[in-house]
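Lifted from TrEMBL, the feature list:
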{"type": "TRANSMEM", "residues": "29-51", "note": "transmembrane segment"}
{"type": "DOMAIN", "residues": "55-221", "note": "domain 'Glucose receptor Git3-like N-terminal'"}
{"type": "TRANSMEM", "residues": "72-95", "note": "transmembrane segment"}
{"type": "TRANSMEM", "residues": "115-133", "note": "transmembrane segment"}
{"type": "TRANSMEM", "residues": "145-167", "note": "transmembrane segment"}
{"type": "TRANSMEM", "residues": "195-216", "note": "transmembrane segment"}
{"type": "DOMAIN", "residues": "233-299", "note": "domain 'G protein-coupled receptor GPR1/2/3 C-terminal'"}
{"type": "TRANSMEM", "residues": "242-262", "note": "transmembrane segment"}
{"type": "TRANSMEM", "residues": "274-295", "note": "transmembrane segment"}
{"type": "REGION", "residues": "307-340", "note": "region 'Disordered'"}
{"type": "REGION", "residues": "368-434", "note": "region 'Disordered'"}
{"type": "COMPBIAS", "residues": "382-395", "note": "compositional bias 'Low complexity'"}
{"type": "COMPBIAS", "residues": "396-434", "note": "compositional bias 'Polar residues'"}
Amino acid sequence: MSGMELQRRNAPGPQVIHPIPDANRRGMIALFTLSLFSVITTGALVAWLTYRLIFWRRYYTRYPGRNQFIVLIYNLLIADLHQALANMVSPYWLIKDMVSTYSPACFAQGWLINVGNIASGMFVLAIAVHTFVNVVTRKTLGHGVFVGSVTGVWIFSIVVTLIGPALRGIRIYAPTGAWCWIDNQYGEERLYLHYFWIFVAEIGIIIIYPTLFFIVRRRLKSSKELRINGTKRPKFNRVLKVMFLYPIAYIVISLPIAAGRMSLMNGRSPGMTYFYATGTLLMCSGWVDSILYFITRRHLLEGDIQTESTSNGSQIHDRSYDIPPTIGGGTARSIGRQKPSTTVLKHTQTLQTISSSTDNIIDAVELPELGGSDQMTAVKNSSESTRVPSSSSSSHRQPANSYPNVPSTSTNGPLAQPDTTRNEPTQFQMHWAR
C-alpha cells in the first residue's frame with residue numbers, strides 16, 4: 001500500500017455533508033425501509049415476549065424465563081432492535097438535507113449501530129456455544145451462571161462501545177456515507193471496537209457448528225441410546241436443527257458487509273454502493289430472526305414442562321412427568337416415574353407442553369422412546385388388580401380404596417395442581433379400570 005493510499009484511507013471524514021448526494025439519499029431510503037420493517041416486527045415480538053415474562057402467572061405454572069433458549073433469542077431480538085433503531089434517524093437527515101457530526105442524532109446513530117452490531121454478534125455466538133455445551137456435555141448451565149453470562153454480554157457490548165467516546169470524545173462519530181459511525185481517521189478504533197468482535201463471532205460460529213455436526217452425526221451412528229426402537233431422530237435432534245438456523249442466518253446476512261470491511265482495511269474499497277446494499281441486508285436481521293422465532297417456537301425445547309390440558313383451557317403442571325430441559329440426549333438425574341402408556345393416555349386428557357412462547361413446544365408425546373415393556377407391564381398389573389370376578393356379588397367386589405391411586409386433576413383454576421392424596425375412585429379411574 002502506498003503512502004498516499006494510507007494517508008487517504010486514514011484522512012478525517014467530512015464533519016458535515018450538505019447537501020446529501022443522490023447516491024447517499026437512495027442508500028438512506030433503502031436502509032430506512034428495511035430498518036422500519038425490522039423495528040415493527042422485532043419491536044412487536046419483544047413487547048409480546050416481555051408481557052408474557054412479566055405476567056407469566058396468567059399463562060404458565062412455572063416462570064418461562066427458565067427456558068434458556070428463549071432468553072437467548074429474546075436478547076438477540078433486543079440487539080437486532082438496536083441495529084434497526086439506528087436508521088430511524090435517516091428521515092431526519094433527509095428532511096434537513098444534511099448529515100452533521102455536531103448533531104446529537106449523529107452520536108445516537110453511531111452508538112446504536114456499534115452496540116447493536118456487537119451485541120447481535122455476541123448473542124448469536126452465545127447461542128452457538130450454548131448449543132454446543134448442551135450437546136457435548138449433555139448438561140445445561142446453572143440458572144445463576146446463565147443469567148450472569150447474558151448480563152455479561154450486554155455489559156461487554158456497552159463498555160466496548162463506550163471506550164471510543166471516552167478516548168476520542170463524542171465527535172468520534174461522523175458522517176460515513178448514509179449514516180454516522182466511527183470517523184474514518186480512527187482506523188484502530190474501528191478495528192478493535194467493532195470489526196474484531198464481529199469477526200470473532202463469525203469465525204466462532206464457523207468453527208463450532210461444523211464440529212457440532214460431526215459430533216451429532218457420530219453419535220447417531222454409534223450410540224445405542226439414539227436408536228431407541230429403531231428411531232434415529234430423537235426430539236432433541238429437531239431442537240438442534242432449530243438452533244442451527246439463527247447462526248446460519250447471521251452468517252448469510254452479516255458476512256457480505258464483513259467481507260467489504262476487510263477489503264476496506266486492506267486498502268481496496270468496494271465502493272459505497274456495495275456498502276449500501278450490504279448494510280441494507282444487515283438491517284434485515286431483525287425481521288428475519290422474528291420470522292424464525294415464529295416458525296420454530298414449537299420446537300425450541302426438548303420438553304420444558306409437561307402439563308395436562310383441562311376442559312377450560314388452563315394448563316396444569318404435573319411434576320411427575322417432568323422431562324429435563326436438555327437437548328443433548330442425556331437422561332435426567334432423577335425422574336419420578338415414567339409417562340403412562342398409550343392405553344392410559346387414550347382415556348386421559350392430552351398432555352401438552354408449556355414453553356416461553358405461548359404454544360406447544362413438542363408436537364406429541366413420543367412414548368416409544370420411554371421403554372414400552374415397562375409401561376405395558378404396569379398397565380397389565382394395574383388391570384389385574386382392578387378386575388371384577390365373574391361371580392360379581394357385592395361381597396366379592398373390590399373395595400374402593402384398592403383401585404390404583406391415579407392422581408386426579410382439578411380444573412378449578414389455571415394454577416391448580418394434581419391431587420395425589422385422594423384415594424376414592426374418580427371417574428377417570430373407574431373408566432380406566434374397566
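Glycine residues also receive a Cβ, built from the backbone N, Cα and C atoms like all the rest.
Annotations in TrEMBL come from automatic prediction, not curation.
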Inset, instruction - Examine the transmembrane segment (29-51) against the transmembrane segment (274-295) and state whether at least 3 Cβ pairs sit under 8 A, considering only residue pairs 6 or more apart. - result: yes
Inset, instruction - Would you mind listing the long-range same-chain contacts of the transmembrane segment (242-262), meaning Cβ under 8 Å and 6+ residues beyond its ends? - result: 69, 73, 76, 120-121, 124-125, 127-128, 131, 195, 198-199, 201-202, 205-206, 209, 270, 274-275, 277-279, 281-282, 284-285, 288-289, 292, 296, 299-300, 327
Legend entry - Intrachain neighbours beyond the transmembrane segment (274-295), with Cβ under 8 angstroms and 6 or more residues off its ends: 23, 26-27, 30-31, 34-35, 37-42, 44-45, 73, 76-77, 80-81, 83-84, 87, 120, 177-179, 245-246, 249-250, 253-254, 256-257, 260, 357
Inset, instruction - Pop the mean pLDDT for the domain 'G protein-coupled receptor GPR1/2/3 C-terminal' (233-299) in here, whole number is fine. - result: 82
